[in-house]
Number of protein chains: 2
Amino acid sequence: MESHETKYSNSVEEDYDINQDQAAVTRRIQRLSLHLNPISEPPVSSDRLQLLTCAGRAKINVSDEQLAKYLRGKHRDIQERVYEYFNAKPDLQTPLEISKDEHRELCMRQLVGLVREAGIRPFKYVVEDPVKYFAVVEAVGSVDMSLGIKLGVQYSLWGGSVLNLGTKKHKDKYFEGIDNMDYPGCFAMTELHHGSNVQGLQTIATFDPLRDEFIIDTPNDGAIKWWIGNAAVHGKFATVFAKLMLPTHDTKGVSDMGVHAFIVPIRDMKTHEVLPGIEIHDCGHKVGLNGVDNGALKFRSVRIPRDNLLNRFGDVSRDGKYTSSLPSINKRFAATLGELVGGRVGLAYSSVGVLKIAVTIAVRYSLLRQQFGPPKQPEISILDYQSQQHKLMPMLASTYAFHFATSYLVEKYAEMKKSRDEELVSDVHTLSAGLKAYVTSYTAKSLSTCREACGGHGYAAVNRFGSLRNDHDIFQTFEGDNTVLLQQVAVYLLKQYKEKFQGGTLTVTWNYLRESMNTYLSQPNPVTSRWEGEDHLRNPNFQLDAFRYRTSRLLQSVAFRLRKHSKTLGGFGAWNRCLNHLLTLAESHIESVILAKFIEAVRSCPDVSSRAALKLVCDLYALDRIWNDIGTYRNVDYVAPNKAKVI
Amino acid sequence: MESHETKYSNSVEEDYDINQDQAAVTRRIQRLSLHLNPISEPPVSSDRLQLLTCAGRAKINVSDEQLAKYLRGKHRDIQERVYEYFNAKPDLQTPLEISKDEHRELCMRQLVGLVREAGIRPFKYVVEDPVKYFAVVEAVGSVDMSLGIKLGVQYSLWGGSVLNLGTKKHKDKYFEGIDNMDYPGCFAMTELHHGSNVQGLQTIATFDPLRDEFIIDTPNDGAIKWWIGNAAVHGKFATVFAKLMLPTHDTKGVSDMGVHAFIVPIRDMKTHEVLPGIEIHDCGHKVGLNGVDNGALKFRSVRIPRDNLLNRFGDVSRDGKYTSSLPSINKRFAATLGELVGGRVGLAYSSVGVLKIAVTIAVRYSLLRQQFGPPKQPEISILDYQSQQHKLMPMLASTYAFHFATSYLVEKYAEMKKSRDEELVSDVHTLSAGLKAYVTSYTAKSLSTCREACGGHGYAAVNRFGSLRNDHDIFQTFEGDNTVLLQQVAVYLLKQYKEKFQGGTLTVTWNYLRESMNTYLSQPNPVTSRWEGEDHLRNPNFQLDAFRYRTSRLLQSVAFRLRKHSKTLGGFGAWNRCLNHLLTLAESHIESVILAKFIEAVRSCPDVSSRAALKLVCDLYALDRIWNDIGTYRNVDYVAPNKAKVI
């Protein structure tokens, strides 16, 4: 680490510019690249072409087996069963070229085969062991991401709505059919004009006391249920989210009780004909995931029995009286949406799975591919170029980081489903929103970077970057638009800041905030801000402090700005004025959580050599993020110039 | 512009964090968004759905007609002819779903129809008016990007190699057939193991004096010509790049004269059978551009007449003697590649065309789409959100900037083809490399941003983001990998720095460097660094100085570092050690050129209202880039804290 390469000195000749510290980064990266084992045999083979073996590389002494064992966790077995099933069924593998309609049929056959032939029962795992369920989702996603999503629609969305929003009568009636795929179903929440703003949904469910039925109506074309998976071809039922309207005796005639969920049969169980009053349109080709049959649903006076209201949080009696254990529309709405958090947990977890595939392909290829080199010497592997290392090595480190963070999320989610502890519910809700947004955005960007880093061969469809990117793309949008989800994280942080800073208890994930606030918000420590030894920089306490310090500062400053702007702009205007600030705050918090979980995972690793390897990538993750934000740290003298040089 | 929102003050309570200046950015953006006209009618219509009209917006008084006239240039007519032809031919329009093989055939029919039916003659324009040719390329690219690339392969690559590397005998023999599509051809440069490193190509062309022929050979599988457009299905000929081997009388037996280009017939003119000794493989499905039939070519002792050497820069006589007007292998190689610069010019220009389509779709949708809003008030358009503005408005400004920069490039290219002025050749070569790299990278990222900014409806295939991204993706790689091209810009900058700084003349594009060096590299002016008035910030001189100052500093500092590291690492090692620094230098230079051309274009606009509108987007472009790099400017006190606040 050279002291004469820095961004912050005043000497023009030596020290100016935004890239001079790259040399230090490179050295870190080079050290970390040793973590990658040499590829002794070409990983790619072909009938026609014999690839040259790539240059051998130095090897760090890591037990692959131990490391893999630590990473894979206890549900690797069920993932292996998924892979074995599909490996043995060439007719169920998705070809590179397939029409939308064939893809949809294939995807349905894959799902039915998985459940009925391979004996994988996702719905049972949803109930009994959510961690196992998410392991299945990740595995089938790597077979075909459309299958992962179709499975998620059936078991997490349609099935999950029945389980979590319904009561015993619904479970008794529908569980078996959902489980064994006799009852393929849809989750009809999003409308053409309302996606993120779920409270703005316009579909109406009016109670008819005469016939003891609800009447489902689409009042205008903007209220057509849109993008509904399983609707275009396969669905028999749909959980339809609609405003519950109860007749009143006043002049208005009806009372809006807020958004509720209803089970609506959409196709005949025998003939598969679309039922009367229902119009189904095909949403057509999408950028990716064309194995999923998204459709649009329009309702004209569709009658369903009163029992079809999913009545866990609110019920209507035979005589049209409304009852609920929750006091307000907003509370009921929050409880309803809160039960659907599993989908986000699955997306965050699966997105890391996609990142793992992509980064592995890109790093392996970059070790294999050689181009240019010193004069009259053999060409060097493209991973030896600073620019390529810069693209791929922090991405590799992030993949490990996200693996541990989302594994933690999945465990917390399972714990929450058991304990129903309120603090935990709230923590999992926010963490799943934040990790879903942060991880899927990162993966989406990385998929493009990987393609580009692999040049022309990255453009061959067989090398998967295209389909991975096209299929994954929408992960940033569905189950909550990332920009909206990050705002939920910011809301929660501000709530914590306001309500609990003064001596209250914070939930586990946020606990650091109080400490950080107390410790740092006066002035950075002028001594530690200058420490630059390798031991200090690789010290997890320094790294974590830096992350948490930033979050605390962002939180305090945005709280101040919101207060200030509210006076002139009102709450909504002030929020919008500070929106990018709020998004940065949310990301900063999520990064703090990710790093904390990574550091824990390193500490808990029982195998010495694996632990050393993980420590290297953990340091790269931490220092890369600090480096990305070095201007912030420098501006408040959290990091002194001499220290900035060596990071 | 509020003075209490800043990143650089020491007051924690008020001023910390990286986003507080967003408010100032927002104000600029809000002003600029007025530039967008209200959408009085919904731009999307459907048989099934009636969209609500979006909220009306304030209107800046701009004459659409005048602005369009100024932007469109003189070759709009031929573009209209292209659109009219395809609009009148529904059978030639590419459907959303089409198999690879059908797409290839359709693309061929589109091209043949364009030439033989619509009377568009791209090859004539290549010779007579390159600006017109590039206008055609942009237009057909918006019909189907595969068609744009297939046309480019035929006329710019295969045709261009015959025109520019051959002599009169080649032109006489091939011009007509290339022009009228009787001779579809390929450009066989890239090999499986060598893409960027063209000098490392391994295909061999050995002269056989007995039969007065060259023998083309693929010595190993790594030398198979790969990704060759037009090869898999349609090509009759290929320009094959191979090392020319001449027999000698010494012990080595042959002498390697370096890479030359040869015309090799690959399919029978009548039967279309692949000719003996040639093996053609299909490169299969790609991420995009599946209307182009990329193939792999392998040669086993394929004999071609001596006349098939494209002999403009080097020739072989009947008795095997080599002659050339150029003194060395390196000079001939440079001259050969230099003639192929037209491809890059076309890609940069077409990439802006793609960006125009995407940013128009995204901005229009963002004005139309409404979601959330202040309590009890109507929902607001999503373009009213700070986060959405931040995504799309600088992108809109960049699109205008790139439009003028690439239009300038196209004109310079045409001028160069006429004058053959050496300085101009060198300038166009570097500028085309830099703009191609910079613009295609920016467009690729923007396509993902646009999709994400349009949420679920951005994921509908019919809204084009998917196909635009998939087709455009490879623009970053072919005709020169962007990372490699930026290094060529850096090389040229360093050459200028070394050779010409001391009193020599600089070519037009680089002329600013000497001035910048002299003016700024001592110390920033402590007075102007504090100026913060709107007039000053919108002053093009301030903006341009800031861009050029940065480039000059980057250039000087990297030159110093290269010298220093060369001592211990050698030239190659030092270059690699400074690689990210060099890439940043190249991008900074290209941004300087783009801004200079944008400022010129604003000044030259004859219509007052159009000029005012363009000035607004030009300011946004300049200030957004300065803001992105504000840390750099702050660190050297080019911008004082008070000024940083208001940018």
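In case you wondered, yes, glycine gets a Cβ from its N, Cα and C as well.
The domain 'Acyl-CoA oxidase/dehydrogenase middle' feature in TrEMBL is assigned to B:186-302. This prediction places the mean pLDDT of the domain 'Acyl-CoA oxidase/dehydrogenase middle' (B:186-302) at 97.
Sequence annotations record features per position, and here TrEMBL assigns FAD binding site to B:T190, B:G229. Of all Cβ atoms in the shown protein chains, 22 besides its own fall within 10 Å of the Cβ of B:T190 (FAD binding site).
For B:338-494, the entry in TrEMBL reads domain 'Acyl-CoA oxidase C-alpha1'.
All chains included, 23 other C-beta atoms sit within 10 angstroms of the C-beta of B:E479 (active site, proton acceptor). What TrEMBL records for B:E479 is active site, proton acceptor.
What TrEMBL records for B:539-645 is domain 'Acyl-CoA oxidase C-terminal'.
Under the DSSP three-state reduction, B:T190 (FAD binding site) is assigned to coil, being neither helix nor strand. A 10 Å cutoff on Cβ-Cβ distances gives B:G229 (FAD binding site) a total of 26 other Cβ atoms nearby, all chains included.
The two recorded residues B:E479 (active site, proton acceptor) and B:G229 (FAD binding site) have their Cα atoms spaced 12 Å from each other. The subset of recorded positions B:T190, B:G229, B:E479 lying near chain A, with Cβ atoms under 8 Å apart, consists of B:T190. Here the domain 'Acyl-CoA oxidase C-terminal' (B:539-645) has, by DSSP, the following mix of helix, strand and coil residues: 96 helix, 0 strand, 11 coil. In the three-state DSSP classification, B:E479 (active site, proton acceptor) falls within coil.
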